[in-house]
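Engineer: The structure's right below; bear with me while I get my questions together.
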Amino acid sequence: MQYLPIFTKLDNKPVLVVGGGDVALRKCSALLKARASITLVAPKFCQQLIELASENKVTLIHEYFSEQHLKNMMLVIAATDLEHVNSQVFELANAHNIFVNVVDDQPKCTFIFPSIVDRNPITIAISSAGTAPVLARRLREKLETLIPQHIGPLATLVGGFRSKVKQRFKHFADRRQFWEGVFDSSVVSKVQTGDTQAAEQQLEHMLNAKAEPEGEVYVVGAGPGDPELLTLKALQLMQQADVVVYDYLVSDEIMELVRRDADLICVGKRLGDHSVAQQDTNQMLVDLAKQGKKVCRIKGGDPFIYGRGGEEVQVLAANKVNYQIVPGITAAAGCSAYAGIPLTHRDHAQAIQFVTGHCKKDGQELDWQSLAKPNQTLAIYMGVIKSPHIQAELLKHGRNANTPVAIIENGTRKNQRVITGKLGELADLITRNSVVSPALLIIGEVASLHQELHWFGAKAQTSSFAQPLTDVA
């Protein structure tokens with residue numbers, strides 16, 4: 001280990017920065033976060049540093065560097081583009097036993113700046129000992145995606161309870177067990193959702209009584225299939241869950257990202273094949289949460305867009321089960337983007353309607369008159385089986401038979417397939433190409449842009465019709 005990682009409290013401590021340009025400005029930004037007392041010395045300064053001085057955030061000395069500037073300094077940073085000046089700063093600081101950093105010159109550093117993940121008061125520092133700063137930055141970027149923003153407020157909250165916990169539990173092992181229970185409880189999720197008052201109340205309760213484990217359900221949208229389209233929050237909750245309840249629409253690649261030791265429960269959901277009835281799924285979520293489990297109810301797309309997430313959350317709320325809702329990229333947005341089809345376009349579509357082809361058996365019929373209007377895009381979920389009916393009703397209510405359509409099968413996934421054609425042949429396209437779910441139907445002029453804007457996967461299989469279809473509008 002070339003450098004000992006330590007954290008230094010610089011609050012009002014004197015720090016010298018030699019230099020007056022952009023590099024010096026960057027170093028000042030980090031030092032100001034630590035509330036250091038910063039003095040800069042240089043013959044001239046950039047405008048941003050002059051503005052900081054006018055706000056009394058830094059002190060500027062318009063002089064060339066000399067040994068006298070080192071007096072009483074705790075740290076020194078050389079941030080000039082003059083090698084001989086940087087060397088002079090290093091040698092004199094070393095002679096006075098002052099820690100010194102020469103920017104981008106690792107051999108002339110007795111301390112270095114790490115890459116930082118800041119979740120105040122939690123701070124994570126990553127260093128390559130000056131050998132590969134770009135690699136250290138990339139590691140920081142990875143950690144930024146994995147460490148949620150609420151970690152900082154959580155640390156602040158529990159920090160306020162440390163003395164109470166020490167009074168309550170005299171032995172270290174007991175205190176450690178208590179804190180493990182806190183971080184496994186819904187105190188964390190309450191902070192995450194911004195309800196710090198409820199989190200504090202629960203902490204007080206846990207401190208004064210032996211609380212039963214409190215379960216919670218995360219209703220998570222997994223997006224259309226590509227695991228890189230998951231939100232950070234979805235990934236974090238997937239990796240916290242004790243139990244994962246999922247549908248067939250959730251891709252295998254996404255399921256690979258759940259916590260390794262979590263129990264996996266598949267509840268089906270294909271047309272005509274509901275391996276678990278919806279009401280049974282609802283009750284299962286309640287029962288698991290009442291057992292103190294953290295349950296991730298993961299759904300393809302967005303849970304509140306044709307995912308029956310609203311029904312499940314209603315049951316959770318009625319049973320007073322804690323829950324969180326994590327939106328996902330809905331199929332219409334994700335699949336159309338991966339097919340190079342903008343859902344709206346100034347020249348083609350000023351409106352969009354999301355439609356399901358799988359309504360309740362006794363449900364109200366769709367407003368076909370509205371759906372058949374021109375200059376709009378229809379994004380139809382679960383419409384493969386009902387495509388003959390969809391086609392017939394749109395034509396019957398005046399939509400042009402030559403209206404472009406696109407069928408996106410397994411959108412955003414490695415096996416994505418796009419089939420394009422005209423509304424008048426929609427059902428035939430699906431039959432001839434043996435389209436299977438999950439598939440999204442896009443109906444509207446924007447579907448014609450696929451060939452021009454294609455970027456992912458194979459280009460569309462186009463209609464075999466050489467001539468435009470007869471306008472039956």
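Placed from the backbone N, Cα and C atoms, the Cβ positions cover glycine too.
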Engineer: Among Gly194, Gly268, Gly398, Gly411, indicate the single residue that Swiss-Prot lists for the S-adenosyl-L-methionine site containing Pro224, Gly300, Gly301, Asp302, Ile305, Thr330, Ala331, Met382.
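Structural biologist: The record-listed residue among the candidates is Gly411.
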Engineer: The record names Asp22, Val23, Pro43, Lys44 as the residues that bind NAD(+); what is their largest Cα to Cα distance in Å?
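Structural biologist: 15 Å is the greatest Cα spacing among the residues binding NAD(+).
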Engineer: In Å, rounded, how far does the Cα of Asp22 (NAD(+) binding site) sit from the Cα of Ile305 (S-adenosyl-L-methionine binding site)?
Structural biologist: 48
Engineer: For Pro224 (S-adenosyl-L-methionine binding site), just count the other CB atoms lying within 10 A of its CB, please.
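Structural biologist: Cβ-Cβ neighbours of Pro224 (S-adenosyl-L-methionine binding site) within 10 Å number 30.
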Engineer: Rounded to a whole angstrom, what is the largest C-alpha distance between any two of the residues Pro224, Gly300, Gly301, Asp302, Ile305, Thr330, Ala331, Met382, Gly411 that the record assigns to S-adenosyl-L-methionine?
Structural biologist: 16
Engineer: Which chain neighbours of the S-adenosyl-L-methionine site, leaving out Pro224, Gly300, Gly301, Asp302, Ile305, Thr330, Ala331, Met382, Gly411, have a Cβ atom within 8 Å of the mean position of the site's Cβ atoms?
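Structural biologist: Other same-chain residues with Cβ inside the cutoff are Gly223, Leu249, Tyr306, Gly307, Gly328, Ile329, Ala332, Gly334, Cys335, Tyr381, Pro438, Leu440.
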Engineer: Quick one: pull the CA-CA distance for Pro224 (S-adenosyl-L-methionine binding site) versus Asp247 (active site, proton acceptor), whole Å only.
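Structural biologist: Each residue's Cα considered, Pro224 (S-adenosyl-L-methionine binding site) and Asp247 (active site, proton acceptor) end up 12 Å apart.
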Engineer: Near the Cβ of Gly411 (S-adenosyl-L-methionine binding site), how many other Cβ atoms are there if near means within 10 Å?
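Structural biologist: Summing over all protein chains shown, Gly411 (S-adenosyl-L-methionine binding site) has 26 other Cβ atoms within 10 Å.
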